[in-house]
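Undergrad: Take a look at the following structure, please.
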Amino acid sequence: MPNTPLLDTVNIPADMRGFDIPQLKQLADEVRAETIDAVSETGGHLGAGLGVVELTVALHHLLETPKDILIWDVGHQCYPHKILTGRRDRIRTLRQGGGLSGFTKRSESEYDPFGAAHASTSISAGLGFAAARDQQGENNKVVAVIGDGSITAGMAYEAMNNAIEATDGQFMVILNDNDMSIAPPVGAMSAYLAKQVSGDAYQRVRNIGKKFVDHMPRPFRETARKAEEYARGMVVGGTFFEELGFYYIGPIDGHDLTHLVPILQNALKITDKPVLVHVVTQKGKGYAPAENSADKYHGVVKFDVESGKQAKAISNAPSYTKVFGTELIKHAANDPRIVGITAAMPSGTGIDLFGQAYPDRVYDVGIAEQHAVTFAAGMAADGMKPFCAIYSTFLQRGYDQVVHDVAIQSLPVRFAMDRAGLVGSDGSTHAGSFDIGFMGALPGMVLMAAADEAELAAMIATSLEIDDRPSAFRYPRGDGVGVDIPELAKPLEIGKGRIVKEGTKVAILSLGTRLQESLKAADMLEQAGISTTIADARFAKPLDEDMILRLAREHEVLITVEEGAMGGFGAFVLQMLAEKGALDRGLKIRTMHLPDIFQDHNSPMAMYDEAGLNAKHIAAKAIEALG
Ligand SMILES: Cc1ncc(C[n+]2csc(CCOP(=O)(O)OP(=O)(O)O)c2C)c(N)n1
Ligand SMILES: CC(=O)[C@@H](O)[C@H](O)COP(=O)(O)O
Ligand SMILES: [Mg+2]
């Protein structure tokens, strides 16, 4: 007889606190099936969530959330958590416009005490909650769950280093070790963790855990001190974390609820020191297509549950990412000083292609953008030509390094800023909104934005020639527009834009891939009898002053368009025109940029619509300015 489905019939998470292990196992199976089914309809991050189903169930069984604080690092593994915390009815709206976020989000639920999406923040945030609890004389528990990939980042160590001093109460870090980042994990910490798991210690703990469970009084009535002794009985090795002041417990099997629940239950009673529980899981667990794929279905589009086959969109144009990877390979054939650097995003940035061609000239430094930038600076200082390929949003984390280690020393690091502009379903945390402002503010920086894939190829060639200062080029997520790319792209003249279409009344000055929308806007305006010039600025820094001053002189209206926040290209143009007195003669100027809000996730088209940056908005802006 099949059991009555729990998800449909009980009040979760309240009722699951009283579940026994068989009920928890049944619930985990249901949550796993629900997660797979939902993501098959929405797309999203699947493998990470499947790997933490049992852990999620165990934690919501043991903790009194939302009073107890549960923080998920990155948050891409939180779909099971959402299913268990009152959002099951909306789980098929994940990452869709108006629907649930693909990450934890404070505004979405009281069960998400801290928002995330960028990696490695959970220990710091959790420690903050623990310290706040201590200050306020409360006694809730705090748990931070961090992956083996995310624990490669400096921030995680800064937090662990501080843990013993920041709180004198309960604080637990769960290290969810699935031996995967998005790509296979890298670095010495990964090797260290693998050693912990592969040693006979892991087996021994499993056996101890079994005995422990068999003898555990139910309900558990021991004192906190006794509980600590039990938990300490699980401690094997772990000297690294012990040295940082943590009790280290593990490694333990993160899928076996009979072990996981009592060990976590006891470890949660430890209050004299922070605790790190090392849990071993499998990314993609319980869904064969995910388990068997190279990336464990880290991120997927809609798919067929039966076969696991993903619905790939067909495009005639290569992605910008692929163009970056292939162009770099071409140049590298002629220049042995070219190297590629990624911070744990080899496939996302196209550095994987470069690595296949030149395995000895590629560096995956882990989720360590700050290190990636200064590492690149060091290489550049010694005569190499590093291409540091980092998503615009993640480069924010390495900004001081860009300023202090690269720009002030005028080192020729080349920044390939992928995912510039709005990215769609990942939402505001991943939007590449700010790089024009923050890179363009730096003295000496050469900052370019590609309008199409051929322009990207030309900008890569340009940055290769810039050997006395840093340069950066930005390009969006997704496919190019289908233009031809020359066999070997030629460098651009630095600080020179191009006129794409000549007109007389309105000038639209575009930076980046809004050029296509600007051209469509020009068609609309021409149909309304308004002669329109379209210019592609190419450079946000240095600006093509001659071209822009001519546009200002010869047109009644000048509109700048960019896929970036205010304080970026439009502001640079305005400042330059003001400085040159070009605003004193009655020019009607408008700057079109992303709105001054953090936009929620949606399709990129819908987000640009909301931002007012599609063709119809550009045309309307010109008509409004003409009056
Ligand atoms: C600062 C930052 N850099 C890069 C990323 C992209 N990213 C998201 S998840 C992930 C891998 C995380 O690995 P791990 O913590 O082990 O979690 P798993 O997916 O294995 O569960 C990476 C690199 C990010 N979210 N934040
Ligand atoms: C969670 C995370 O940060 C990444 O998985 C990100 O969602 C990848 O984005 P792309 O799909 O644009 O590579
Ligand atoms: Mg991992």
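If you go along the chain as it appears here, the first residue is 1 and each next one adds 1.
Every residue gets a Cβ built from N, Cα and C, even glycine.
TrEMBL entries are annotated by machine, without manual review.
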Undergrad: Can you tell which of H76, H81, H331 TrEMBL lists as binding thiamine diphosphate with A117, H118, A119, G149, S150, N178, Y287, E369?
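TA: Looking through H76, H81, H331, the residue TrEMBL assigns to the thiamine diphosphate site is H76.
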Undergrad: How many Å lie between the Cα of H76 (thiamine diphosphate binding site) and the Cα of D148 (Mg(2+) binding site)?
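TA: So the alpha carbons of H76 (thiamine diphosphate binding site) and D148 (Mg(2+) binding site) sit roughly 14 Å from each other.
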Undergrad: Quick one: which of the binding-site residues (H76, H118, D148) have their CB closer than 6 Å to ligand 2?
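TA: List returned for ligand 2: H76.
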Undergrad: For the binding-site residues H118, D148, G149, N178, E369, which sit with their CB under 6 angstroms from an atom of ligand 3?
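TA: Only D148, G149, N178 qualify.
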Undergrad: In Å, how long is the longest CA to CA span across H76, A117, H118, A119, G149, S150, N178, Y287, E369, which the record gives as the thiamine diphosphate binders?
TA: 32
Undergrad: Across the domain 'Transketolase-like pyrimidine-binding' (318-483), what does the pLDDT come to on average, as a whole number?
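TA: Across the residues of the domain 'Transketolase-like pyrimidine-binding' (318-483) the model's pLDDT averages 98 on the 0 to 100 scale.
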Undergrad: Do me a favour and check the Cα-Cα span between H118 (thiamine diphosphate binding site) and D148 (Mg(2+) binding site); whole Å is fine.
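TA: For H118 (thiamine diphosphate binding site) versus D148 (Mg(2+) binding site), the Cα atoms are 14 Å apart.
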Undergrad: Select the most exposed residue of D148, E369, where exposure means the fewest other Cβ atoms within 10 Å, treating these as the binding-site residues.
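TA: Output over binding-site residues D148, E369: least Cβ neighbours within 10 Å is D148.
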Undergrad: At a 10 Å cut-off from the C-beta of N178 (thiamine diphosphate binding site), count the other C-beta atoms across all protein chains.
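TA: Total other Cβ atoms inside 10 Å, all chains included: 24.
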